[in-house]
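Written out below as structure tokens is the structure these notes cover.
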Amino acid sequence: MSLKIKSKITIGVLLIIFLLSIIFTLENVSLAQTSPQISVYKVVGSADLSNPGSAGYWSQIPWTNISLTANIPMAPTSGLTHYLLVKAAWNGSWIFILEEWQAPEPAFNAWSTAVAGIYPNASGPGLFRMIELTPGTTYSLERNYTNYVSIINGKEETGRIVFNYSGITLPAPNNTEITVMSNGTILLWHSPRPVEDLLYNDGMFYGYYVNSTWYYPDRAAIMWYLGSGVPTKDDMNIGGKYPGQQFDGITFKDAGGSLAQSGGSANIWMWVSGATWNNSTYDPAFKSNIWQNESLTGLSYVDSGNHGFAVPLYTNNTNMYEVDTAGIWYTPVASEGLNGSLFFIWTGAKYENGSWVVEFARPLSVPLDYQPFMPNITVGKTYYVAFAVWQGRLGETLFDKSITSSFLSLELVTTPPTSTTTSTSPVTTISSAIPPVTLYVTIIGVVVALVALVILYVVFRR
């Protein structure tokens, strides 16, 4: 082997080693420089859930402006909330998270469909979902299906409804009910979860129907990732009631509400204006005193103090579950134990100046029985959280919502909030996309790699 060839090989090896060392160095710099996107400040005091956001320490903590996006980009009723303001604090034993978002039309007096299902006297908006099909969708009634019954504009007909949109046909299940409005718009009543998935995949889901007297409750949710590593997906699957469900001749691979992040699980705190608000005027569940009635809830405990709460949910790659033994919204995660779990996460809420203000409060530590389904929150650990908001009066409900596009990092910090901030705290805007430091480091790494490749090409071409 000539000296010239040996020199080329030596230079090539050295350049590769140099390139790898640069990449690893940049990766370490990226990790070292990345700070939490949401800081949970150490404070003295407790939450005042009767007037959320009124505790003195909140005025010392700046808002974090979190961008939200449509969960269903093609639906005009999805992604109606463009940003969410968030503050967070802890006092040594509890964590407090304060949220505020604009809501031009609050959904007062709308039932949570699940809660209405356990209360025989429920009446008013929100009792069930109605889907508005995409404009241009038509239907036909196939009368050769003599064992099918369809309801069209309140009239029972023998036959099967078949929807058609841009040449795509979708046969409807037995007992489907539709209303055809004067402009040709088709409304689908009492939509089962699998049907919603089919409509979505065929481009026929336009949104949930609302009018001045029919709408859905407002909601806000925080998702806490429980898996290992850094999650890359914060969305949930649209599908059947359970994985592998056979519905009308179709098999649904995923359950609706199951976590899309492979191998992961998450705890969700869900506040619902029509179920967990603790407002006897505008929350029909509290107006009906449901959470003090064990015969209705199927629980062996009641809402102590009748305070507001957030529904604790648990999702994994299999399904969505409710962290209690009754299963009002979803299948219960356990058949016994979990005493008090449904009301473990406290909330306070108010509507003022065109915005919702909702405060979540939860003990940092959770009982042993809860631990597989809820996080213990400690200093020194990074948590990954995601946020969602529903504007029910405008048609958002279930999987139609405004969400963060990815998880955000959250940490408890031991320093108190700065004393220089005031009640008009500055707003820090963050996007749930790639953090800036990571983005810069990635760009630098790509440039270095390209330069190294050019040098290698020149050396070996000679």
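Glycine residues also receive a Cβ, built from the backbone N, Cα and C atoms like all the rest.
Under the heading topological domain 'Cytoplasmic', Swiss-Prot lists 1-8, 457-462. According to Swiss-Prot, the feature transmembrane segment maps to 9-26, 432-456. Under the heading topological domain 'Extracellular', Swiss-Prot lists 27-431. If you look up Swiss-Prot, you'll see Asn28, Asn65, Asn91, Asn144, Asn164, Asn174, Asn183, Asn211, Asn278, Asn293, Asn316, Asn376 (among others) marked as N-linked glycosylation site.
This view paints the features noted in Swiss-Prot onto the structure.
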residue: Asn65; record: N-linked glycosylation site; DSSP (3 states): strand
residue: Asn91; record: N-linked glycosylation site; DSSP (3 states): coil
residue: Asn144; record: N-linked glycosylation site; DSSP (3 states): coil
residue: Asn164; record: N-linked glycosylation site; DSSP (3 states): strand
residue: Asn174; record: N-linked glycosylation site; DSSP (3 states): coil
residue: Asn183; record: N-linked glycosylation site; DSSP (3 states): coil
residue: Asn278; record: N-linked glycosylation site; DSSP (3 states): coil
residue: Asn293; record: N-linked glycosylation site; DSSP (3 states): coil
residue: Asn316; record: N-linked glycosylation site; DSSP (3 states): strand
residue: Asn376; record: N-linked glycosylation site; DSSP (3 states): coil
Kindly state the mean pLDDT of the topological domain 'Extracellular' (27-431) in the predicted structure. 94
Can you give me the Cα-Cα distance between Asn376 (N-linked glycosylation site) and Asn91 (N-linked glycosylation site) in Å, rounded to a whole number? 15
Rounded Cα distance, in Å, between Asn278 (N-linked glycosylation site) and Asn144 (N-linked glycosylation site) is 52
Which of Asn174, Asn183, Asn278, all glycosylation sites, has a Cβ with the fewest other Cβ atoms inside 10 Å: Asn183
Nearest-integer angstrom distance between the alpha carbons (Cα) of Asn293 (N-linked glycosylation site) and Asn316 (N-linked glycosylation site): 30
Rounded to an integer, what is the Cα-Cα distance in Å between Asn144 (N-linked glycosylation site) and Asn91 (N-linked glycosylation site)? 68
Shortest C-alpha distance to Asn65 (N-linked glycosylation site) - which of the glycosylation sites Asn164, Asn174, Asn211: Asn211
CB neighbours within 10 A of Asn316 (N-linked glycosylation site), counting all protein chains shown, number 18
Cβ neighbour count (within 10 Å, all chains shown) around Asn91 (N-linked glycosylation site): 18
For Asn164 (N-linked glycosylation site) and Asn316 (N-linked glycosylation site), determine the Cα separation and express it in whole Å. 34
